[in-house]
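Asker: Okay, these came from Swiss-Prot:
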- Cys92, His218, His222, His228: Zn(2+) 2 binding site (BINDING)
- Asp124, Asp199, Glu201: Ca(2+) 1 binding site (BINDING)
- Asp158, Gly190, Asn192, Asp194: Ca(2+) 2 binding site (BINDING)
- His168, Asp170, His183, His196: Zn(2+) 1 binding site (BINDING)
- Asp175, Gly176, Gly178, Val180, Asp198, Glu201: Ca(2+) 3 binding site (BINDING)
- Asp297, Asp389, Asp438: Ca(2+) 4 binding site (BINDING)
- Cys290-Cys477: disulfide bond (DISULFID)
- 260-285: region 'Disordered' (REGION)
- 337-383: repeat 'Hemopexin 2' (REPEAT)
- 434-477: repeat 'Hemopexin 4' (REPEAT)
- 1-17: signal peptide (SIGNAL)
Amino acid sequence: MKNLPILLLLCVAACSAYPLDRSARDEDSNMDLLQDYLEKYYDLGKEMRQYVRRKDSGPIVKKIQEMQKFLGLKVTGKLDSDTVEVMHKSRCGVPDVGHFTTFPGMPKWSKTHLTYRIVNYTQDLPRDAVDSDVEKALKIWEEVTPLTFSRIYEGEADIMITFAVREHGDFFPFDGPGKVLAHAYPPGPGMNGDAHFDDDEHWTKDASGINFLLVAAHELGHSLGLYHSTNTEALMYPLYNTLKGPARVRLSQDDVTGIQSLYGPPPASPDSPVEPSEPEPPAPGTLAMCDPALSFDAISTLRGEILFFKDRYFWRKTFRTLVPEFHPISSFWPSLPSGIDAAYEVTSRDSVFIFKGNKFWAIRGNEEQAGYPRGIHTLGFPPTVRKIDAAIFDKEKQKTYFFVEDKYWRFDEKRQSMEPGYPKQIAEDFPGIDSKLDAAFESFGFFYFFSGSSQFEFDPNAKKVTHVLKSNSWFNC
């Protein structure tokens, strides 16, 4: 019996260790899930992986807050039980922040009649049921727009509809039953516009499995150019809503506003009487927004939005709503001047830098940062530089390009110093950009240079201008 206490101690130690090990495994699993979720849907760069395990790390807390806010959760910045539960839910595979492909500008079809083709079928549903649900899903969008659709049975359609499993040729493999249900691509040639459905799911016509009509209507919204909505009642909300049966597949006002901002309302029926009415006065900024001669003082991104500055105002544009808001600069940042010269965002620092004359300011969200304004010469400019015409931050290289008349400088954001060997001639390294610049910014890997009422889309890898557009083309004018 002398060994009994030892055996009891061993038993206590083993029994006590088990729940601790299990808890540690659960936490590791949640951390892996968080990293995967943020990388897939919230544009978490691979260089940020090292911070994921440090849950109190500033950048990771901000990403968790961003996710919680987007999905309508309580914003805590912590990996709480509600957040973990949501990350386990079935959803669309299209990112909530960031995008599958690099495409410039605002994605929309340039025509109103589109073709679609059902390339193959799931074994879960009869073929005529799939045909009927795809037709119904397109009809939902057709009823509120000028768009019409016709089916083709061979060749390349605008929208190719496919069932697939795991790796299926687009570098975004499915993950088996649950989690990612489907994904779709924005309007454009090739694979763009196509919708892919995970055939490992159990597709149904009712709510007993994954309702195909509900998911198809959502994915085809992406095929028409819509992004995810933060409105939990919207069809374009990213999470699969198990409470919505086939009878409840309908558009919210948020969905209607989004799609009509791209294509407008449906044409009036010739048989419908039109009641005379007094014309409504235009909203502030509307006429100026679509003025063909419109130019901008400065442009910058801000947490996924784009800010277009003009005089003492700015337009605030998001990729989810596509309808720009119009505000006085002072309503968000009272100390900022009007008539801004240049602006750019350093995403890794969550800061936007605003330039006017020989001074610059820093803002974070709607907060102005202490210690500003500072002189532009603290960045390393020579005394001869009196003002900045435009600036672009290259996220991939972590460099900022400053454009002054016909020259440019490059600033290393990591080292916080101007690089040697500058200035250089703009025309030499940016062929085709030979006008004096008013504004510039980066979007989806392209640089956009603005001069007067024109903008030049520039591919920095190919070093060439790819499109010349009106400056206000971002406003869907």
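Each residue's number is its place along the chain shown, starting with 1.
Cβ atoms are placed via backbone N, Cα and C, with glycine included.
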Asker: Using the CB centroid of Asp297, Asp389, Asp438 as the Ca(2+) 4 site centre, which other residues of the same chain sit with their CB within 8 A?
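Answerer: Checked against the 8 Å cutoff, the neighbours are Ser295, Phe296, Ala298, Asp341, Ala342, Ala390, Leu437, Ala439, Phe450.
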Asker: If you measure C-alpha to C-alpha, which of Gly178, His222, Asp389 (binding-site residues) come within 10 angstroms of Asp194 (Ca(2+) 2 binding site)?
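Answerer: The binding-site residues close to Asp194 (Ca(2+) 2 binding site) (Cα within 10 Å), listed in sequence order, are His222.
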Asker: I need the most crowded of these recorded positions: Cys92, Cys290. Count other C-beta atoms within 10 angstroms of each C-beta and give me the top one.
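Answerer: The residue with the densest Cβ neighbourhood is Cys92.
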Asker: To the nearest Å, how far is the Cα of Asp198 (Ca(2+) 3 binding site) from the Cα of His183 (Zn(2+) 1 binding site)?
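Answerer: Checking the Cα atoms of Asp198 (Ca(2+) 3 binding site) and His183 (Zn(2+) 1 binding site) gives a distance of 9 Å.
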Asker: Around the C-beta of Gly178 (Ca(2+) 3 binding site), how many further C-beta atoms are within 10 angstroms, looking at every protein chain?
Answerer: 16
Asker: When the Cα-Cα distance from Asp297 (Ca(2+) 4 binding site) is computed for each of the binding-site residues His168, Asp170, Asp199, which gives the smallest value?
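Answerer: For Asp297 (Ca(2+) 4 binding site), the spatially nearest of the binding-site residues is Asp170.
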Asker: With helix taken as DSSP H, G or I, strand as E or B and everything else coil, how many residues of the repeat 'Hemopexin 4' (434-477) land in each class?
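Answerer: Helix, strand and coil residues of the repeat 'Hemopexin 4' (434-477) number 5 helix, 24 strand, 15 coil.
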Asker: Taking Cα atoms as reference points, rank the recorded positions Gly176, Val180, Cys290 by distance from His196 (Zn(2+) 1 binding site) and give the first.
Answerer: Val180
Asker: Can you name the residues of this chain that are 6 or more positions from Asp389 (Ca(2+) 4 binding site) yet have a C-beta less than 8 Å from its C-beta?
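Answerer: Asp389 (Ca(2+) 4 binding site) has long-range Cβ partners Asp341, Ala342, Phe403, Val404, Glu405, Lys436, Leu437, Asp438.
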